[in-house]
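Notes for the one structure printed next.
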Amino acid sequence: QSAQYGSCSLRRMSVMEALELLDQLVDESDPDVDFPNSFHAFQTAEGIRRAHPDKDWFHLVGLLHDLGKVLVLFGEPQ
């Protein structure tokens, strides 16, 4: 897996581009959600920021935690 994804040769994108791509898929683990998947990422980061204002690394983790799901758009299973 490291050889396949470690080089970032599949596609290069910014975090914002990846967050926008999340909105193109339906998450199998939560298919009935009526708002974009990117909203969940921002909502999670904001919730963590409120609960842990001094842990900026944790806010970032909340934002990024679902970005791997964009791989489904490149043929990977969910």
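Glycine is treated like the rest: Cβ placed from N, Cα and C.
In TrEMBL this protein carries:
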type    : residues      : note
BINDING : H40, H65, D66 : Fe cation binding site
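Proximity of D66 (Fe cation binding site) to non-local residues of its own chain (separation of 6 or more, Cβ distance below 8 Å) is seen for L22, D27, N37, H40, A41, given in sequence order. The least crowded of the binding-site residues H40, H65, judged by other CB atoms within 10 A of its own CB, is H65.
Other than H40, H65, D66, the residues of this chain whose Cβ falls within 8 Å of the Cβ centroid of the Fe cation site are, in sequence order, L22, N37, A41, T44, G62, L63, L64, L67, K69.
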